[in-house]
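Visitor: Starting off with a structure, shown below.
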Amino acid sequence: MTKTYHIAVLPGDGIGPEVMAQASKVLDAVRQRFGLKISTSVYDVGGAAIDRHGSPLPAATVAGCEQADAILFGSVGGPKWEHLPPAEQPERGALLPLRKHFKLFSNLRPARLYQGLEDFCPLRSDIAARGFDILCVRELTGGIYFGQPKGREGQGMHERAFDTEVYHRFEIERIARIAFESARKRRSKVTSIDKANVLQSSILWREVVNGIAADYPDVALSHMYIDNATMQLIKDPSQFDVLLCSNLFGDILSDECAMITGSMGMLPSASLNEQGFGLYEPAGGSAPDIAGKNIANPIAQILSLTLLLRFSLGKDDAADAIERAINQALEQGYRTADLAGDGHAIGTHEMGDIIAKFVVEGV
């Protein structure tokens, strides 16, 4: 009997509803082609939820997500809500509580330079010509952002501020397994990023990662210091497959990976817990300046759906079909404004239609 899956859809603010509508088209195409039983429910989140319910994350939204197999998230925030106290603003009041509530400890950020988009890569042309396809696996719940003690004390010239980098063995083990399992489905290479020549937390990180690697003899492991990694990403990103990073180092490298692709409109993101439940979202923001103009690139949102199908639902064939459809659209010259340069640009809705069509046709 075919299992029925349920997705909680949270469009959010800005371009969120527009690009989410395109992901919904592609989901319909996947259902049609593969006979999948996937239902969806739409819930308010972010600024839209503040306007309707007085809270960026209403209880009904959380309850709906609890009943789902995964969350497909749009984007939140905008100048309309910047006057609110920081904790009540859409970004901090919605996304962070969702991550905490569902214990999402791992963040996966693919960064790929698609064929035909080399001119948008800021790297030297000979480097861009080699292409790259990187998955940045970042630990989300430990490290210096959450370690205690932290604070400020003293006055005048003796005032000081401090943060604490703390990692437990279990935190490193579980994120390392995510990286190695992901590498098995890719090119079987993991590069673990640390600062083991200086930091005790990085020494433990390296020891634990080496131990986990013994369970994956088919995956090649290398270690790289964070300062060298930032340089190597610019020098030759094609050398990397899966980057395994702590919270701080992953924050830095995932944004660097994003920048060298040439467009934030192409970058999805997945945040997972130990049960495989995930929140999937574009890596970019809500872009309120272009909302409602039919010019936003929906591919990041569509690729977020691809990650959802792959990691939470285990539907690799459907995920592969969407990725092939996106490749086909780009290879045939279809571009939204962020990728068109001086050439012809199509709209948000048109790009969604084309990708959905290619999914159904099975290109």
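Just so you know, glycine gets a Cβ as well, placed from its N, Cα and C.
The NAD(+) binding site annotation in Swiss-Prot covers 78-91, 285-297 and is backed by sequence analysis. Taken from Swiss-Prot, the feature substrate binding site covers Arg99, Arg109, Arg138, Asp227. Positions annotated as Mg(2+) binding site by Swiss-Prot, on the basis of sequence analysis: Asp227, Asp251, Asp255. The site 'Important for catalysis' annotation in Swiss-Prot covers Tyr145, Lys195.
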Visitor: Let me know the most crowded of the recorded positions, choosing from Arg109, Arg138, Lys195 and counting other Cβ atoms within 10 Å.
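Guide: Of the recorded positions Arg109, Arg138, Lys195, the highest Cβ count within 10 Å belongs to Arg138.
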Visitor: For the recorded Mg(2+) site, enumerate neighbouring residues of the same chain (Cβ within 8 Å of the Cβ centroid of Asp227, Asp251, Asp255, site residues themselves excluded), in sequence order.
Guide: Ile226, Thr230, Leu248, Phe249, Gly250, Ile252, Leu253, Ser254, Glu256
Visitor: So for Ala287 (NAD(+) binding site), how many other CB atoms are inside 10 Å of its CB?
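Guide: I get 24 for this one.
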Visitor: What recorded positions in the list Arg99, Arg109, Lys195, Asp227 lie within 10 angstroms of Asp255 (Mg(2+) binding site), counting C-alpha atoms?
Guide: Arg109
Visitor: Using a Cβ cut-off under 8 Å and a sequence separation of 6 or more, which residues in the same chain sit near Gly78 (NAD(+) binding site)?
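Guide: Sequence-distant Cβ neighbours: Asp13, Gly14, Gly47, Pro90, Ser286, Pro288.
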Visitor: Looking only at Asp251, Asp255, the binding-site residues on record, which one has the least crowded Cβ, with the fewest other Cβ atoms within 10 Å?
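Guide: So among Asp251, Asp255, the binding-site residues given, the one with the fewest Cβ atoms within 10 Å is Asp255.
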Visitor: Tell me which of the binding-site residues Pro86, Pro90 sits in the most Cβ-dense spot, judged by other Cβ atoms within 10 Å.
Guide: Pro90
Visitor: Through the lens of DSSP with three states only, how would you label Asp227 (substrate binding site)?
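Guide: In the DSSP reduction, Asp227 (substrate binding site) maps to helix.
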Visitor: Which one is closest to Ile295 (NAD(+) binding site) in space, judged by CA to CA distance, out of the recorded positions Arg109, Arg138, Tyr145, Lys195?
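Guide: Nearest by Cα distance to Ile295 (NAD(+) binding site): Arg109.
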Visitor: Give the helix, strand or coil assignment DSSP yields for Tyr145 (site 'Important for catalysis').
Guide: coil
Visitor: For Glu82 (NAD(+) binding site), which DSSP three-state class applies?
Guide: coil
Visitor: If I take the alpha carbons of Pro86 (NAD(+) binding site) and Tyr145 (site 'Important for catalysis'), what is the distance between them in whole Å?
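Guide: Pro86 (NAD(+) binding site) and Tyr145 (site 'Important for catalysis') have their Cα atoms 17 Å apart.
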